[in-house]
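Reviewing the structure listed below.
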């Protein structure tokens, strides 16, 4: 079924890791962890495991950047199989919200990326019709999508000789989301020319031409979308829905009755509570939606009524991509130390935003059920999971029936030496080290604790003739990748930032990582963070890490010990096999953003920082402090360190205000 294509054979630790993981899956182990260091070829190991077990696979990545990277790699490994890409289709997303203190209602505002819509529809079709499928997804795969049973039922089967006329087919297509148009560059549409109807599905590049002779199908062809030439003659074809959410007329009728019933119950509650404004608001908004549903079959914000369309009870989980797979699919959670906390956090972030919408009469309580899965629901919907990380979290390690280590790098590259130097004179010492790196034609990364420090240090380095840029949270994902491309090309010698882990991109030109104030206790200098930062130089033969600190914290001690353990294993392997370490040489490819027009949207993982700060006015200072602390630790657990640092700074300010108030 799966055919893995590669000029390389598994080597180093890869063969034993592949054997153990395959054996674990075949023996029915529910949870396993692949603990693989940076540069050890974890993706190649995953590809080999998938090829060996021959089962559909879902690979979940913590962000779109890494998902797009993995998608490219799996496409290369499996050119003859279906490799699909499933991420949030929003280029920009402002969720619906209400801020009571300002009486401010914010309408949902979104910019949808048509390329990603096509890739999502291609995913749904592939997963429902084939078994040789690998889907690379972001955590948005646990958000609601259409009912897979409707997707199966509402397809249109056509065959040559079938009795059907062109207008009957047009009517059928309209019912599954296709629109009539003359613009053939659009997907999810059809056009009619005489006795010929051309269909342009969302899930494939090719179009389908259906030619009629009276009320009979005379010919079916696969055609080139742009020059409309015939690619292949077909005897029959199946047309799948053009959109994720499709429904039958019977389901629509039942949904409208169910919405009316819920509205009656909710209005009675609001009347009993004496909430006159909320009563009138909800009544007017919902009746308007019902009228649109009855006349058009659609209304803005229709997703908030999804429970009624699906026939779900209150609190029941929505349908997601997971429901489209066969029961035996395998899940790989990449960078699990980041992805698992994200999967845990998404439900609460979504519910807290909707609370005001429901309480103040903007939405019915059923809006709560248009949501991502809880972590417990996610675990119930999947079977076997392989967690993949260089630094697995406590959850992964506690539930895994086996932890498979992949320490050895095929390139022979050794984990960098870690030096601890005093903070006194640290900037001058750092400059000397950067100059040495620059003379070798290599690059450096410097991680600091605050955005202000990053800015000042970067400016200081520039004044001294060292080409420097700093990464900060105001840069969007594309701009951040552009900064790192400049570093790789040599346009920049050093990049300074608070969070240099966010991209997870390969930077083989980097031979020096400097960690300023390494002995500061906190999430920015935890054991996991330090090991991840150290790994940034593990792709260069001259890799070195300098920690500037006046004492050795427990986190530093554990990170250094683990790095030294990995160094020893690799050095022994190199000596035994006569391997001379060599730096990874990686071409500057077309970036995934340019290829897929992928943009990160900060709102994908729950409330944005701005939304959190805006809640200050509707909470007491004590409640606001509790919220800030909770969100700060959540951001830190997801390695969103710039967000965590912004929340920390706000927390300090509010605590200072609270202290002054109590001191009066």
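Including glycine, each Cβ sits where the backbone N, Cα and C put it.
Just so it is clear, the model here is predicted, and its values are computed rather than measured.
Copied over from Swiss-Prot, here are the features:
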DOMAIN    23-180  domain 'Helicase ATP-binding'
BINDING   36, 37, 38, 39, 40, 41, 42, 43  ATP binding site
MOTIF     89-112  motif 'Beta-hairpin'
DOMAIN    426-588  domain 'Helicase C-terminal'
DOMAIN    622-657  domain 'UVR'
Inset, instruction - Check the motif 'Beta-hairpin' (89-112) for me and report the mean pLDDT. - result: 77
Legend entry - Spatial neighbours, same chain, of residue 43 (ATP binding site) - Cβ under 8 Å, 6+ residues apart: 70, 73, 74
Legend entry - Other residues, Cβ within 8 Å of 36, 37, 38, 39, 40, 41, 42, 43 Cβ centroid (ATP site): 45, 390, 406, 409
Inset, instruction - Report the DSSP secondary-structure composition of the motif 'Beta-hairpin' (89-112) as helix, strand and coil residue counts. - result: 3 helix, 15 strand, 6 coil
Inset, instruction - State which of the following binding-site residues has the fewest other Cβ atoms within 10 Å around its Cβ: 36, 39, 41. - result: 39
Inset, instruction - Write out the long-range same-chain contacts of residue 40 (ATP binding site), meaning residues 6 or more apart in sequence whose Cβ is under 8 Å from its Cβ. - result: 12, 13, 14, 406, 407, 408, 409, 410
Inset, instruction - Any same-chain residues 6+ apart from residue 37 (ATP binding site) with CB under 8 Å of its CB? Would you list them in sequence order, or say none? - result: 390, 406, 407, 409, 415, 535, 538, 566
Legend entry - residue 42 (ATP binding site): tally of other CB atoms within 10 A of its CB: 22
Inset, instruction - State the three-class DSSP label for residue 39 (ATP binding site), counting H, G and I as helix, E and B as strand, and everything else as coil. - result: coil
